[in-house]
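According to TrEMBL:
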{"type": "TRANSMEM", "residues": "20-37", "note": "transmembrane segment"}
{"type": "TRANSMEM", "residues": "49-68", "note": "transmembrane segment"}
{"type": "TRANSMEM", "residues": "80-97", "note": "transmembrane segment"}
{"type": "TRANSMEM", "residues": "109-127", "note": "transmembrane segment"}
{"type": "TRANSMEM", "residues": "148-172", "note": "transmembrane segment"}
{"type": "TRANSMEM", "residues": "184-205", "note": "transmembrane segment"}
{"type": "TRANSMEM", "residues": "226-248", "note": "transmembrane segment"}
{"type": "TRANSMEM", "residues": "260-278", "note": "transmembrane segment"}
{"type": "TRANSMEM", "residues": "290-308", "note": "transmembrane segment"}
{"type": "TRANSMEM", "residues": "320-338", "note": "transmembrane segment"}
{"type": "TRANSMEM", "residues": "345-367", "note": "transmembrane segment"}
Amino acid sequence: MIRRFQSLDEWKGSLLRFPMVVVFGFIAAALSMYVNRMPYDQPTMMAEVGIYASTFGMLLATVVQVAYERFVKAGSRVQTLGLQGVAGFGAVVYYFFASRTEDFYSSHLFTRTNIAMFLLTLLIIWLPSIKNEGLDFAQSFRIWFKAFFVSAVYTGILMIGISLVLGGWSILISNVEGELYWDIFSVLIYIFFPWYILSQQSVFIRPFIEEEGKMSSDVSKFLDILLTKIFIPIVTVYTVIIFIYFFSTLGNWTDITIEIVMVSYLVVGWMVLFLVAAIQRPFVVRFTQIYAVAVLIASVFQIYRSVIYSNVYGVTMSRYMLMLFCSISAVGAVLYLIKNEWLPLVLAAGLFVAMMPPVDAISVSVASQGKIVNDIIADYPDLITHGQLQLTPENVEQLDETTVQKMKQSLRYLDKYNELGRVSSIPEDFDVYQDLRAFDGVDTDDDYDYDYGYSDSYYFSAHLNFDEGSSTAFTSSGGGELVLLNAYDSPVTFTALGKNFSHEIVDVTSLQVTDKDSGEVLTFDLSGLEDLTEAENISLTIDQATFSQESDSYTATLVVQDFSIYSSSGMDSDRTGSGYFILILSEK
């Protein structure tokens, strides 16, 4: 399976076939280097979106080229370059809209693009095999899978080898900056890796002919052992575990634990089926038939389970995609058993539906979650004060545990996708973290909701925005000695001014410095840092990061370098504070 390294001619050939893929690879690598070298407190969203758009452009350009080779018999180089240019223009237009989308990673555009990228990947594999006498879908899948595997191996070897060389140079000769490692990794990931995958592909003409030196669809001895000795036993055991779970939870249809593993089970299983299609040994054939039946049964079970749960807690994007994929798998299992080649079309149609409004995953899910909250408000009008939703410990006491869990999960989900406006009477200043504290006294079983990937946990971080090499005016109280502190909720002893002191974080947001001999205490109140922003992170100016305090014997100035607050449950009772500080302490 591991083939010889490609010759220069093969690399040049793939460059001529897929020029925009290489161009976008260079763009993504350059932007990745830029992001890596930017200070961590500087905005890099435009560059990050550029990397994402470049990846989208690489997939789009590859789809255009394989479709052109398959369906255009006598094309010219001008036509090829023209179509590649169209794909490039499409990626540029996408970047134009994506870079202007507020909160891009929580936007509908980001969600739909992720689905679109899965669809493009499927089309890259499927289009060359459509009515092609020399290439069916399983063969095409094996070619691309093997090319991906080989490219990943070579890329990984190069990354390890170059890291060892640079590490040796850094230790023995002169220091090598850490950024250089990621610069090289960026080149390997965004340029070498996709380019090498494409250099292994034969031209996808009809009838398809595997070119000498290119990746073939045959199952090598190495791949045969990998599939029959490792993957088939793993999938078999996994199937047994899935069915044990199903039968052990027949009386509890609202148990959704399996949702987090069901998709991976189906994906790995289908991959194995397509990879072993060329192996005709009896036990392999029996495995494929039994697995197809198992997929059909498991998919129907899971669809029913997800529908029951959705009737109570609503549809989410992950549950929508799970039900869609299970439906496709159920249909696909039937098609597979009757040797039908329509499975890729069914999958492509499902992915297309999942990203097209108003029936796409995100539109359906936010509408469902918004309806849940609105229905609860209609059933419990006491939650409304002066025409707006106001959650208080008093008015939420009337809600039962299930209703509380539904409301908390739905509000979090809508907040995650910036869709709180779907809730009637929602106040403009509604803050999910702060307002849901009204439920702190109500026990629910949603400490971590696998369905949303959303936890009750709370995190806040404030750090000093001060670039290396720059300077700013700074005044401390009375000079003194400088001490670097790493403070948390336990006392730590240090020496300054010839005396013993201790410091610790008390009451989450206060740094307390104590003279251990006299008992004098200096307390710095840091609670105001949380009030400076509604976001999880904030960059502090030197003025915002500086606090002064004095006692009978001491004057002190504290500079916050980095301060964070964390709560695993989101409740005040388990909030903890910690951070790094500079303390300038002097005697009066």
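A Cβ is built for glycine as well, from the same backbone N, Cα and C atoms used for every other residue.
Ranking 80-97, 184-205, 290-308, 345-367 by CB pairs under 8 A with the transmembrane segment (320-338) puts 290-308 at the top. In this chain, the transmembrane segment (290-308) lies close to the transmembrane segment (260-278): three or more C-beta pairs between them fall below 8 angstroms, excluding pairs fewer than 6 positions apart. When each of the listed stretches 80-97, 109-127, 148-172 is scored by C-beta pairs under 8 angstroms to the transmembrane segment (345-367), 109-127 comes out highest. Beyond the ends of the transmembrane segment (260-278), by six or more residues, the same chain brings 137-139, 141-142, 145, 217-219, 223, 227-228, 231-232, 234-235, 238-239, 242, 284, 287-288, 291-292, 295, 298-299, 302, 321-322, 325-326, 329, 332, 336, 450 to within a C-beta distance below 8 angstroms of the stretch. Sequence-distant contacts of the transmembrane segment (184-205), counting only residues of its own chain at least 6 positions beyond either end whose CB sits under 8 Å from a CB of the stretch, comprise 3, 6, 10-11, 13-15, 17-18, 21-22, 25-26, 28-29, 32-33, 36, 51, 54, 58, 62, 66, 69-70, 73, 127-128, 132, 135, 143-144, 147-148, 150-152, 154-155, 158-159, 162, 166, 211, 214-215.
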